[in-house]
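Note sheet for the following structure.
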Amino acid sequence: MPSNKSVSDAPIFQFTNCRILRSHQLQREDLWVREGKILNPEKLFFDEKGSADIQLDCKDSVIAPGFIDVQINGGFGVDFSLAVDDVQSGISLVSQKILSHGVTSFCPTLVTSPPSVYHKVLPQISIRNGGPHGAGILGAHLEGPFISKEKKGAHPEHYLSTFESGAFQDLLATYRHLDCVRIVTLAPEMKRSSEVIQELTRRGICVSLGHSVANLSQAEEAVRHGATFITHLFNAMLPFHHRDPGIVGLLTSDQIPARRRVFYGMISDGIHTNPAALRIAHRAHPKGLVLVTDAIAGMGLAPGKHTLGQQVIEVDGLNTYIAGTKTLSGSVATMDSCVRHFLEATGCTVETALEAASLHPAQLLGIEHRKGTLNYDNDADFLLLDDSLQVRATYIAGERVWSQDTFTI
Ligand SMILES: [Zn+2]
């Protein structure tokens, strides 16, 4: 039966022999795609009297939404925090290479840098759709410089900044360009941070709490003002204390405004967080968990010395330290390996592990009506995976943009 061309001339693809992640469950259904979007087959059959033009046997793959990485500092030798003349070529290289790890869109992340770096780099970052050229760019994540000295982690102390009389104007003077900015990580205990959080939120920029010594009530106040995310939970914040659990306490706080959800990033690489801590976070607040790589330039390269903004980093296996210290600084983990580690460490379901890298980051950014699910009419950004969650093939807007050499359909 030929497909009905009254609605569209575009070919209709039917991915068969697969289990697709939909409504929080892996379901033995086919995935239908037309014009880069997920198609509702019932509408196709009954309204359009149409059918598939091309059928593809997925060889019993799991099909999941493409992964979304909201914190990635670089990879494959590229450091997004360097003020180079051609930022685009570095971003393009990373966006190409992460396709093999299942990432179909991401937020290039800049660590604390002098204002001159933001002024040079930010105008060169543009939000763009993904495709064969690489993963889509959802906007920049600026981590610092408005963070705590005590919890600076790998961020260079002499570039840290505070909000003075200008408050939001101080932030604007530092970054100068906000058009491409999607997330700002700041320490909510800084004076005048409430005004800044409100203004960023008003502009649709997600505020994340991190690199901070905030107590729980300061963190709750920041959430009331609009903050929705916690940057790499447990790392670079006060450790959980039962009388004042600090930012970590947001996971079970009863002071979160109604219908609001606080999300939290986890670097699930087996290094940054003990598996027991990962389980505590996940069991306390499963729907808020967002897997991030926090990957640095050394991701995808041999161990050795790499940069992270103004710092030199030594990579040894999965450990990444500021040279000459034991201060952890980003990771060299890939997103697919974080998903597998999360699954193994928490004993969660495959669905839960996949949603932590797709649905949850999409909800955090408020783009779940376009990405992060396989719901009808969403962008057809998806992955074919084997049962151990190794990526077999990556699709963006219905087009195959990467596949294993040995996997053909
Ligand atoms: Zn950090």
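Each residue, glycine too, has its Cβ placed from N, Cα and C.
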GLU143, HIS232 bind Zn(2+) per TrEMBL; candidate in HIS133, HIS158, HIS211 listed for that same site: HIS211
Cα-to-Cα gap, ARG243 (substrate binding site) vs HIS211 (Zn(2+) binding site), nearest whole Å: 20
Recorded positions clustered about HIS232 (Zn(2+) binding site) [Cα within 10 Å; pool: ALA154, HIS272, ASP294, LEU328, SER329]: HIS272, ASP294
Of GLU143, HIS211, ASP294, i.e. the recorded positions, those within 10 Å of ASN235 (substrate binding site) when Cα atoms are compared: HIS211
Mapped DSSP class for GLU143 (Zn(2+) binding site), helix or strand or coil: strand
Length of the line joining the Cα atoms of LEU328 (substrate binding site) and ASP294 (active site, proton donor/acceptor), in Å: 11
Binding-site residues: HIS211, HIS232, ARG243, HIS272 - member with fewest neighbouring CB atoms within 10 Å: ARG243
Euclidean distance between Cα atoms of GLU143 (Zn(2+) binding site) and ALA236 (substrate binding site), Å: 12
